[in-house]
Amino acid sequence: MSREHTDTNDTTSDTGTPVADGSGAPANPLDVLETESDVDTSFGTTQKMKKYLRIYLWEPWQVMRRDWRALVGISILSSYIIIGILGWLFLEPTRMGDGPNQLPWFRSLAHPLGTNLYGVDLMRETIHAIPMILKMMFAGGVFTIIMGTVIGTVAGYKGGTVDKVLSTITDVFINIPGLPLVIVLAVVFTPESAYALGILLTIEYWAGLARAVRSQVLQIRYDEYTEASRTIGLPTGTILLKDVIPHLAPYITIRFVSAMRTVLFSAVGLYFIGVLPEGDTNWGIMLSNAYNNGAMYRPQLLHWILIPSIAIVALSIGMILLSQSLDRVFNPRVREKHKKDDEELLEEEEDVGGKGLTLG
Amino acid sequence: MNWYLQRTIQMLLTVYVVITLTFVLTRMLPGSAIGVLRARLEDETDMSSAEVEAAIQQFINIHPDDPIHIAYRDYMLATLQGDLGQSIWYGRSVNEIVAEAIPWTLFIVSWSLFIGFFVGIILGSLMAYYEGGKIDVGLTTYGMVAGSIPYYIFAVFLLIFLSYRTGIFPTSGRVGNVEHGFNLAFMGSVIHHAALPTISMILAGSIASLSMRGNSIRVLGSDYLRVARLRGLSNNTIISQYVLRNAVLPMYTSFMIKIGQMFGGVIILEMIFGYHGMGWFMVESVDTRDYPLMMGCFMVITIAVVIALFLADLTYPKIDPRVTTENEEL
């Protein structure tokens, strides 16, 4: 533990040293402030990158690698990604009559997971659904955090009329139930692309994040460092990006994961009942076909329902574990240990930076 | 008081937005639903074109050829007077269908909510009480796994094993072949048919018990509980007044989220169980391209959720006095 920390201490001071020697350092300390908003000097960017990498990747990783939930969650998610890519690259899509009809699972090497009523290979069908499902989940997650963060921060930071309008919109969306709205919108717009569907499925989900972000921003807005940035006259956008949003990272990350899970649940459910436009086959359509073709009351077709169900549940367990461990990563008590080291590092960095400036 | 007024305005605004949204979407319906309807009426009946126009207006509450502001005004007026148009498929007014279907949906949703929370609170307290023990670990694992399974997967497997394989529960429908009315056989049949949809929702909601567990543990470790013990209060008083109360209150937020989710989720459940409630009619209307019915169901489900959330919001400050000030700040 302590060794790791000294290691990182070393690496940061290593990266810090070239800065001190850096030739491009501005002569006047105030120049930094002026240039910071639009043109970043190259060393400033790398240094900042290092800092962000440490705070957002290295440090969470230190907590997560000790947490079995995180490890299992990440393994599940990455195996889906890997299987999805490999399947998309090397596995031929399956069609009707690829194998014998109604072959149970684990009977044949050619069709390990068996076939359905029409001889479609269920393993290949399940695997080929992965890319589409993951794209959809990713699009929904990104849409949620962008909408939630932008609307929440602007509302909280701007205040006044802007806040009133944005908050009202947020509240209206929070009150409207998502699934019925999605069904109607799916009928009206019939989106076919996975990305569009992901966005459609989270059309109201961002509102919860927006509200949480807003109340956080209301607090941060009056914190000393934001006041300081405002006094120097930094543009609002810069303050929001550099002072406010980093503090919201916990909410945003956890919401990202849970939005992806929501997309998975609703997409499969709506495909199951046949409301979403049918494109390529996926787990929801598999369930729907099984349901409509009597797999419910024909025991020899049970695996037709079980396989997509297992695919959904395993992915969902992975997401839940991941989001619970993320909760832990951002838990102040767990972070406390790391924070101490972090503060030391920051001080050191500032020292180095200061030296660089005076040297310049 | 101010907060109540604000909340009321917010609810009315939401309802207004939903009706407006429905109007906009009605005009944007794909494949020119109105054109299809017009062609069908002209082909299959010998109505004059004026009569056809009148019929179309009756079907979806809008005059497709009117300028948009007049169509909008007419639509808003008709909807606010409770006229949701005419179903194309069933040939009855949407109001009639909705009025007949909504009690069934409310029945399932309310039972799922109540039993789900009751079970969640009990399991959560049990887990907190036996923190770290076998019961806790077992239930926590169960809560996590159950929370990862979508309610419709539960529904499918309950249906396979408790209906198709064993015949304990009916495979579909709202009520068996009994005389409708206020009699024992009818009520028994209603409960029998509603059991599986309700159970699927309760099982999938098990993750609520995890948050109850967390809350209880936090409360159990707090100072005021130690003070209460020092004051010599009885165990029952401590549990009911201190632990339960303070652990249940934070669950309210998830309760609010649940209301919306349940009304949404019931759509999928009603399809799986062939349970003819609002959700079933809504999805069926998608299949039959019965847009007036689809929009009517959407509007009614949404307004039901908005009202449910409003009522929950109004009663909450009575249970927890802290919430009013909190809401004003936010």
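For all residues, glycine too, the Cβ spot is worked out from N, Cα and C.
Bear in mind that TrEMBL entries carry predicted annotations, made automatically and left uncurated.
Bear in mind that the values here come from a model prediction, so they are computed numbers and not experimental data.
If you look up TrEMBL, you'll see A:130-323 marked as domain 'ABC transmembrane type-1'.
Feature annotation from TrEMBL assigns region 'Disordered' to A:1-31 (among others).
According to TrEMBL, the feature region 'Disordered' maps to A:340-360 (among others).
Per TrEMBL, transmembrane segment is recorded for A:70-91 (among others).
The transmembrane segment annotation in TrEMBL covers A:132-157 (among others).
Beyond the ends of the transmembrane segment (A:169-189), by six or more residues, the same chain brings 151-152, 155, 200-201, 203-208, 210-211, 214, 266, 269-270, 275-277 to within a C-beta distance below 8 angstroms of the stretch. The transmembrane segment feature in TrEMBL is assigned to A:169-189 (among others).
TrEMBL lists A:195-213 (among others) with the feature transmembrane segment.
Residues 69-70, 72-77, 80, 102, 104-105, 113-114, 116-117, 122-123, 126, 129, 133, 254, 257-258, 260-261, 264-265, 268, 283-284, 286-287, 289-291, 293-295 of the same chain sit 6 or more residues outside the transmembrane segment (A:301-323) yet have a Cβ under 8 Å from a Cβ within it. Annotation source TrEMBL lists transmembrane segment at A:301-323 (among others).
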Would you kindly list the residues that approach the transmembrane segment (A:195-213) from elsewhere in its chain, counting only those six or more residues past its ends and only Cβ-Cβ distances under 8 Å?
135-141, 143-149, 151-153, 155-156, 166-167, 170-171, 173-174, 176, 178, 181-182, 185-186, 189, 248, 251-252, 255, 259, 262-263, 266-267, 270, 276
